[in-house]
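If you check TrEMBL, you get these features:
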TRANSMEM  A:61-79  transmembrane segment
TRANSMEM  A:137-155  transmembrane segment
TRANSMEM  A:176-194  transmembrane segment
TRANSMEM  A:249-268  transmembrane segment
TRANSMEM  A:280-300  transmembrane segment
TRANSMEM  A:376-394  transmembrane segment
TRANSMEM  A:415-433  transmembrane segment
TRANSMEM  A:479-503  transmembrane segment
TRANSMEM  A:523-544  transmembrane segment
């Protein structure tokens, strides 16, 4: 089989698997979030935490709980890093410097997992597994909880409560993420990922040199890093490292884990609003964008345009031999279409236009299918904007799933979409305006701008991948990107929850002849159009100065 | 408790919830996975170690440099891909070069300065590696966009637009002979180290060379620890290794076949040869 053909089969096999799995998984998540029963271990957690699981929360209480939990998470994670030399399993690592610890704490709590550090030389095992990996679970569960709260807002009839954040957080972690992670971790160990608590040990190589073989609880962290669309690597090389991604088939498993929950949540949404067709429409929008993106990116990398890829004969710089070009490109598309940011190959060395596709994927707001939870709520906000645009065209009051989209709703939806462009463009402009920050660029010319633009796009959209040539480990970048991550995560969450609250209050209006059906291909096409046009108008000028200038001669 | 303000109670509840979840997800879960993996999958969980005469010599999954003390390739061993991890294959500094597809201009070392004071572009690295591999294996090391002396074939043309008035071969330090005598009627100069050429237009020149050395032999991997090479690169090295070891080429090819991993299920990944396993097998005879 030729590399191109096997690459296509690789993509097709992932699509088929997702099509099969999304139903049972989506149904499982539906039961998790709507069930009345608490597991014994969950009741124990509620008692130890001192929260009442039966109490319903209005949107403002729900939002305050999300923010309180995240604030405490940042503080604890920051503290663990600063004190790691006094913790068990520190491997003799010194405390993490303040600006790096701040950046990393915000990064993992916001589900971004931007890494201003190199894992194998900065973090001890305890900080990795009891600090960073815990946030891999709970930041994902927070994203799902917010998405479910928005869905409840759409589904509820004149009832202000959106559920209970603590219940959604604990159930998402314990009943959805933990079982899949547990099984997946063992599968990955079978493929060659390491899982131990050992410090690096030296061996003498065949030619008499020395090499340090590293250890760590890697597999248990790797699986939740993909499943929770987090992306923070145990090692600096992330999923390109053979101990994080050992073979061609572990690569397949990891890509599947990235896409699993985001593509199943629309099913959960369809069941919760009592109309599965609505869920199919949402998943169709996501899949349309995703398939086009994967195909374009894989095609561009296989075509290896540009001087160095042409000289080398293939776009193999920064890519692993066991994955090859096609499967690396598929991973790159999956990781940037979601909020993952794990990499199995280094995007900085991609072809100019291939690298642009990874950036464009993030600029879409990561909605196709997006991060766990964040992808669904982002897409639902886009659906709200689309019915509004359609309503303007025909001069009717727009409604979505029987809920009127009035002035308050559309203001919140618009604010949601203004956050990341403002952060990305202002951040990039500030960095480019300062000679000191420009000095962090590794590559010259348009590619240098791409590195900075990528960094702010990645941080503000909570992705976490990088054009790694940028030396972003400076106090300025650590603070600036940390602020982008925090605002890029929590402002949209507050707007989404406020939107959910105002939708939840409404009694649904009956369907009439003038209602725009939101489950038909026409609507799917409209949302795809709105998404792409919104992004293109916002970011095209910046892309023209960076990757387009580099890639088009 | 009840008398505390609402926001304090909320944050205390959050802290307690986080601590309990840390215990479950950050301690019990990874330790349980570690315990099961250590019992059932001991070899993989501990890094898939490889042994020679009872001594651990590395891992199936972590590549190594097979060079002598002088840093030159050891002729009797198959060579790994170029590595950007530390000084090469350093697992404490995994990573890639992160150099972009249009990184084609070198910073030439000033005359008299040490040769490693400049900066090689990615293009020149590719060209230099190709030339070195070609010499080692006794095949042509040329490739597109490369000069015969193994640097990037890139011109700087002045002015940026219009008829060229001055043309410099940007990566060939004087007194090198430029890879092109003339460009659009203008004689091509060699580059004077230290001169700022940034005002010129960058023109990479493809040339007519066809690459014999495979792509993975001239590019650094993502991890810098890639344990594999392509089958084509292994085949290219087979005659040299056979000659150095006094073995038949057929025997070496047979060993390559034994240490080649095909695509999983026929479509996942690419066929590759594990270099350390292959070299160990050669040492065993």
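Quick reminder: no glycine exception, Cβ is built from N, Cα and C everywhere.
Counted as Cβ pairs under 8 Å, contacts with the transmembrane segment (A:176-194) are highest for A:137-155 among A:137-155, A:376-394, A:523-544. Each of A:137-155, A:280-300, A:376-394, A:479-503, A:523-544 was scored by its Cβ pairs under 8 Å to the transmembrane segment (A:415-433), and the highest score goes to A:479-503. Only pairs six or more apart in sequence are counted, and the transmembrane segment (A:479-503) with the transmembrane segment (A:137-155) gives three or more Cβ pairs under 8 Å, enough to call it a contact. Between the transmembrane segment (A:280-300) and the transmembrane segment (A:137-155) there are fewer than 3 Cβ pairs closer than 8 Å, counting only pairs 6 or more residues apart in sequence, which means the two stretches are not in contact.
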